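Asker: Not my notes, these are from TrEMBL:
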DOMAIN    11-279  domain 'TRAP C4-dicarboxylate transport system permease DctM subunit'
DOMAIN    286-469  domain 'TRAP C4-dicarboxylate transport system permease DctM subunit'
TRANSMEM  7-36  transmembrane segment
TRANSMEM  139-164  transmembrane segment
TRANSMEM  176-202  transmembrane segment
TRANSMEM  223-242  transmembrane segment
TRANSMEM  248-266  transmembrane segment
TRANSMEM  273-292  transmembrane segment
TRANSMEM  298-318  transmembrane segment
TRANSMEM  330-348  transmembrane segment
TRANSMEM  368-401  transmembrane segment
TRANSMEM  408-425  transmembrane segment
TRANSMEM  445-467  transmembrane segment
Amino acid sequence: MTPSIAALILLGIMFFSLTMGVWIGISLAAVGFIAMELMTTRPIGLNFASSLWSSNNSWTLTALPMFIWMGEILFRSKLAEDMFRGLAPWVQGLPGRLLHTNVFGCGIFAAISGSSAATAATIGKMTIPELRKRGYDDFMLVGSLAGSGTLGLLIPPSIIMIVYGVAAEVSIARLFIAGVIPGILLMLIFSVIVAAYALLYPQKIPPRDAMMSLSEKLWESRRLIPTVLLIFLVLGSIYGGLATPTESAVLGVVGALVLSGIDTLMERRHMAVLAAALALAVVLGASGVAQWDQVGSLFVVGLLVYTAAVGGISWSVFKESALGATRTNCMIALILSGAAFLSTAMGFTGLPRLFADWIVGLNLGQAGFIAALTIVFMIMGCFIDGISMVVLTTAVILPAVKAAGIDLLWFGIFVVLVVEMAQITPPVGFNLYVLQSLAQKSMGYVALASLPFFIGMIVMVAIVYAVPDLVSWLPNQMLGRK
């Protein structure tokens, strides 16, 4: 059997099993079993057990359940309501007005979530009824939420970045930093799309609310302070070199639990205690009694204990978020296990190397190669979810990526962008299902409303290809060249 025929058979088995509804992790492992049986003489059971263990025995991967748990906690908090009230006064003067709260709200929540669907659901459950009540058009309301929700994958911390970093052996901290500038640019592109729609169809945008003075806007913005502090805690600890992604994820969970009880802490009798604790922390750090990272950790943990002691943390939120995170992480762990065995099997068969040689022989050049991969990922996004796309393609595509001379850090951001497209690609785009449920619209309606933002992502891919320093500059400045 020639390698090309074997590859087609394995690909056919893969898509058939996925079409029949077999769990993705099981499908990946099954294809690995068949590949090793047909094309190698290696012991299948031994390699399966070894890859199963190694795929989950990773310190880096421990950040994954923590970031998932943090997102689950925040999903059940009043964060979306506070962000809407804090952002609304500042976007009233922009074309599109309060529709921009979807874009900027998703961008802010993305910086503490890591999940696309959670970002769209959290912001959407607040803004959809609020903006409908004010008379905003459903088309751009739904489309901006579906599109902007994908920012949860590009703006760090990102679950997809962690999965790619482990699979491709790329620094997760560098990936997180590399996603900042493209994430901000994509958020601005989405905002421009909203503004363009408002200018083209002004009759679909209601009049602005009553004008607010600068002092009133600043007062409303106080609601954003807890969110900004949590972003600083999670990302600042990584960017400042004070914590690894895993350690910052743990701090994020603690901070999210505290944030869920923020209403209790904002009572005057508790504010005095918090002010005293903060002053003590500053004194300890400034006097050199303890390192600043130690002071910060003690303060956050102490804040969690105090919040729990005064009844600020709901047991139901704690339990439901922990169960939700466990379910999601088990699903991802199964996918990673199946993908690890498939990767091992592909290595023994030599198919990835043959694929890489074939790509090089086509003389596509980097631009042609990236364009071809973009189309392949867009097609795959119609059938499988983002995490599965990453783990399924990494073993096969990375040798060809290296042969084409493409930087793996840049390629990681490219992968995140095309996976974002998959989130709003029917029939399996997660964000489409989320918005279909929240807005009570058909899948076709939500997909059509998302189309301008899908095009915006394609534009973003072209931008980062034309200007690769948008990806590499910030990591090189903060962590040095590698």
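A Cβ is built for glycine as well, from the same backbone N, Cα and C atoms used for every other residue.
Nobody curates TrEMBL annotations by hand; they come from automatic prediction.
Fair warning: this is a prediction, and the values are worked out from it, not measured in the lab.
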Asker: Given pairs 6 or more apart, does the transmembrane segment (7-36) have at least three Cβ pairs under 8 Å with the transmembrane segment (273-292)?
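Answerer: No, the stretches stay apart by this measure.
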Asker: Name the range, of those listed as 139-164, 176-202, 298-318, 368-401, 445-467, that has the largest tally of Cβ pairs under 8 Å with the transmembrane segment (330-348).
Answerer: 368-401
Asker: Between the transmembrane segment (139-164) and the stretches 176-202, 223-242, 298-318, 368-401, work out which stretch tops the count of Cβ pairs under 8 Å.
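Answerer: Ranking 176-202, 223-242, 298-318, 368-401 by Cβ pairs under 8 Å to the transmembrane segment (139-164) puts 176-202 first.
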Asker: Give the nonlocal contacts of the transmembrane segment (445-467) in its own chain as ranges (CB under 8 Å, at least six residues past its ends).
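Answerer: Distal contacts: 138-140, 142-144, 146-148, 150, 182, 185-186, 189-190, 193, 197, 367, 370, 374, 410, 413-414, 417-418, 420-421, 424-426, 429, 431-432, 435-436, 439.
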Asker: So are the transmembrane segment (176-202) and the transmembrane segment (408-425) touching or not, going by 3+ C-beta pairs under 8 A with a sequence gap of 6 or more?
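Answerer: Answer yes: the transmembrane segment (176-202) meets the transmembrane segment (408-425) with 3 or more Cβ pairs below 8 Å.
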Asker: Mind checking which residues reach the transmembrane segment (298-318)? Cβ under 8 Å, same chain, six or more beyond either end.
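Answerer: Counting only partners 6 or more residues beyond its ends, the transmembrane segment (298-318) has Cβ contacts under 8 Å with 73, 76-77, 233, 251, 254-255, 257-258, 260-265, 270, 273-274, 277-278, 281, 290.
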Asker: With Cβ-Cβ distances below 8 Å as the criterion, list the same-chain residues six or more beyond the ends of the transmembrane segment (223-242) that contact it, or say none.
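Answerer: Hits for the transmembrane segment (223-242): 70, 79, 82-83, 85-87, 108-109, 111-112, 156-157, 173, 176-177, 248-249, 251-252, 255-256, 259, 262, 292-293, 296, 300, 478.
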Asker: Taking a Cβ cut-off under 8 Å, which residues six or more beyond the ends of the transmembrane segment (368-401) line up next to it in the same chain?
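Answerer: That would be 14-15, 18-19, 24, 28, 116, 153, 159-160, 163-164, 167-168, 332, 335-336, 338-339, 342-343, 346-347, 351-353, 355-356, 359-360, 362, 408, 411, 414-415, 418-423, 425-430, 458, 461, 465.
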Asker: Restricting attention to the domain 'TRAP C4-dicarboxylate transport system permease DctM subunit' (11-279), give the mean pLDDT.
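Answerer: The predicted confidence over the domain 'TRAP C4-dicarboxylate transport system permease DctM subunit' (11-279), as a mean pLDDT, is 82.
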